[in-house]
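Shown below is the structure under consideration.
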Amino acid sequence: LNPWDVMLCVSGTAIACENALVVAIICYSPALRTPMFVLVGSLATADLLAGLGLILNFVFQYVVRSETVSLLTVGFLVASFAASVSSLLAITVDRYLSLYNALTYYSERTVLCIHTMLAGAWGVSLCLGLLPVLGWNCLHDRAACSVVRPLTKSNVTLLSASFFLIFLIMLHLYIEICKIVCRHAHQIALQQHFLTASHYVATKKGVSTLTIILGTFGASWLPFAIYCVVGDPDYPSVYTYATLLPATYNSMINPIIYAYRNQEIQKSMWVLFCGCFQAKVSFRSRSPSDV
């Protein structure tokens, strides 16, 4: 057994367990059916599928050796991770809209916008996953292989370029979110006729949270995306594993950042496992920026 494959399988198991819990909590709790939690559920579902894909890839690699199965598992992983990254972008857009259009955010138009974003994200992700299955692979042309076999160099270049574009969009939106948060905090402080210490604390906390979110996302995926562009298939496979493994950690961290820190999900978790609250517990409506 390749120890790197074992670590990827272990990572996939942890990812699947974490995100399966989030999906179960959101499906179990009627109060968590708001658009905000629909986005979190989409992210958890994508990460759950990615974790299952890593497990299946390990099983089929050592139990069922088949080119067809290899293409299917690789396509499944590409679609799952693409849906995960796309869901992160959708959450970022939703956070921005909740602050930029706070007065009109809770409307049917917002719900339609979110559902359209999710439909587009999953549709594009599915298409990206089908590309290697439909023939864009290097099974019959090893010279065209990338560092991730059986994906071609042009295929991983497309995936990497898509990631860089999404990362830049998220970076721009989070910078705008920071500006809005700082401006709102400053206006509140001016209304109180002086800048209180809580103003600086709240602003610093908001900026730190956004930095952690974007920093975690970039640190997880950027090394792998860059290596897919500059790497050569003749390089030792350990380089691919060393950059791919941290990328999977993003799906392991997502539930902690976007789900388990939320008070509503924490209460629903107690309801699901401990029964410490009544099943019809009331929840305070929160904005996506609180997630």
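For all residues, glycine too, the Cβ spot is worked out from N, Cα and C.
Any TrEMBL annotation is an automated prediction that lacks curation.
Annotations per TrEMBL:
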| type | residues | note |
| --- | --- | --- |
| TRANSMEM | 6-29 | transmembrane segment |
| DOMAIN | 18-258 | domain 'G-protein coupled receptors family 1 profile' |
| TRANSMEM | 36-63 | transmembrane segment |
| TRANSMEM | 69-91 | transmembrane segment |
| TRANSMEM | 112-136 | transmembrane segment |
| TRANSMEM | 156-175 | transmembrane segment |
| TRANSMEM | 207-226 | transmembrane segment |
| TRANSMEM | 238-260 | transmembrane segment |
Test of understanding: applying the rule of at least three C-beta pairs under 8 Å (pairs 6 or more apart in sequence), is the transmembrane segment (112-136) touching the transmembrane segment (36-63)?
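Since 3 or more Cβ pairs under 8 Å link them, the transmembrane segment (36-63) and the transmembrane segment (112-136) do come into contact.
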I need to check the long-range neighbours of the transmembrane segment (238-260): which residues 6 or more away from its ends have a CB within less than 8 Å of a CB in the stretch?
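Sequence-remote neighbours of the transmembrane segment (238-260) are 4, 7-8, 11-12, 14-15, 18-19, 21-22, 25, 40, 43-44, 46-47, 50-51, 54, 81, 84, 88, 91, 147-148, 212-213, 216-217, 219-221, 223-224, 227, 231, 266, 269, 291.
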Would you kindly list the residues that approach the transmembrane segment (6-29) from elsewhere in its chain, counting only those six or more residues past its ends and only Cβ-Cβ distances under 8 Å?
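Cβ under 8 Å, 6 or more out: 37, 40-41, 44-45, 47-48, 50-55, 57-58, 241, 244-245, 248-249, 251-252, 254-256, 259-260, 264-265, 268-269, 271-272.
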Look over the recorded stretches 69-91, 112-136, 207-226 and say which has the most C-beta pairs under 8 A to the transmembrane segment (156-175).
207-226
Sequence-remote contacts (6 or more beyond its ends) of the transmembrane segment (69-91), Cβ cut-off under 8 Å?
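That would be 39-40, 42-43, 45-47, 49-50, 52-54, 56-57, 60-61, 114, 117-118, 121-122, 124-126, 128-133, 137, 139, 148, 150-151, 159, 162-163, 166, 169-170, 217, 221, 247, 250-251, 254, 258, 288, 291.
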For the transmembrane segment (112-136), could you work out the same-chain residues 6 or more beyond its ends whose Cβ comes under 8 Å from its Cβ atoms?
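Residues 35, 38-39, 42, 46, 71-72, 74-80, 82-83, 86-87, 89-90, 93-94, 97, 150-152, 154-155, 158-159, 162.
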Could you give the mean pLDDT over the domain 'G-protein coupled receptors family 1 profile' (18-258), rounded to a whole number?
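A mean pLDDT of 86 is what the model gives the domain 'G-protein coupled receptors family 1 profile' (18-258).
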